[in-house]
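Worksheet: one structure, shown below.
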Amino acid sequence: MRSAIAAPILFLLVSFFVQECESVGFAPELYCGLENCYDVLEVNREEFDKQKLAKAYRALARKHHPDRVKNKEEKLLAEERFRVIATAYETLKDDEAKTNYDYYLDHPDQRFYNYYQYYRLRAAPKVDLRIVIVGTILIISLFQFLSAKHKFSEAIEYATGVGKFRNMAIKDGIDKGLLEMDRNGKLKKNKGVDNDEVIKQIIIDNLDVTGGYKRESIYDTLAWHTIIFPLTIFRYIKWTALWYWRFAIQKEEYDDDAKLYLIRKYIGVSQMEFDQKYTDEDIDDLFERECWLKRNCATWKAERDAAEQEKMAQSGRYKRYKRYMKNAGTISFVDED
């Protein structure tokens with residue numbers, strides 16, 4: 001009697017255990033469901049070869065293709081089988097997917113990790129990250145180039161309308177025989193010659209536009225700086241090592257280039273900004289006051305800033321600007337006052 005009761009209980013326990021093992025080993029919604037993808041394609045995991053994989057897939061795809069079945073119910077079964085075969089092939093032909101699947105087979109207990117890897121790979125875009133990076137750099141570089149071109153055109157249009165630059169261009173054009181004056185002192189309108197375009201081209205050739213409105217160049221784009229980045233790093237390391245060797249170890253005295261570097265560093269400007277902003281007289285003053293020493297440079301900079309503030313405060317234009325800003329206005333780049 002006791003054995004008759006124990007047998008059904010044992011059967012239920014074993015059945016429950018088998019179901020639990022199945023649920024831990026394979027998840028219906030992952031990969032090939034409750035089947036092993038290797039078994040689906042009839043390939044040996046230990047002797048895996050992509051050429052054999054492709055061959056096995058083509059053979060099974062032909063055998064189980066839904067178009068070969070006419071019966072409606074059998075066609076549905078064939079479609080389901082064909083889907084499993086295709087899923088198995090897509091899983092094993094991709095290196096990353098195969099690695100994740102092998103881990104899934106070897107570590108069935110790590111359910112959450114296996115789910116994450118499966119859906120992460122499915123959700124990830126099938127695009128080479130290198131292509132995305134290169135494409136992004138090129139788009140940014142194109143935008144930089146076109147923006148610089150537009151700003152340079154704005155600067156030239158502005159300069160063309162300024163009397164001083166226009167008169168200088170007209171004089172230069174007359175000297176070169178590109179423009180002619182009539183008896184009344186006005187420019188002749190020769191056939192086939194656009195005087196305004198000639199003047200504009202002369203201004204472009206002779207005007208030195210710097211800063212944010214300088215002429216566009218590929219050498220100012222992100223793409224170019226990315227290309228020369230290794231060389232830039234090498235030069236920086238070489239320069240730093242040489243500086244340390246000369247002035248920290250050898251205790252050499254600073255030459256003029258080293259002094260100028262320290263001055264720019266303490267003022268807080270780049271070499272291009274320094275060349276644009278400071279005259280030869282300013283540089284002589286900086287050297288005379290030994291501004292390569294940090295404390296001297298700080299004193300000089302404070303005096304310079306105070307003098308500029310006072311000069312601006314006394315300027316009628318600056319006062320108009322302050323009143324304008326007080327009234328919540330904005331100021332444009334071009335101001336001909």
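Yeah, the Cβs are placed from backbone N, Cα and C, and that goes for glycine too.
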Swiss-Prot annotation (coiled coil) - matching range among 45-75, 169-199, 293-323: 293-323
Within the domain 'J' (36-105), residues counted as helix, strand or coil by DSSP: 54 helix, 0 strand, 16 coil
Outside the transmembrane segment (127-147), six or more residues from its ends: residues with CB under 8 Å to it: 216, 218, 220-224, 226
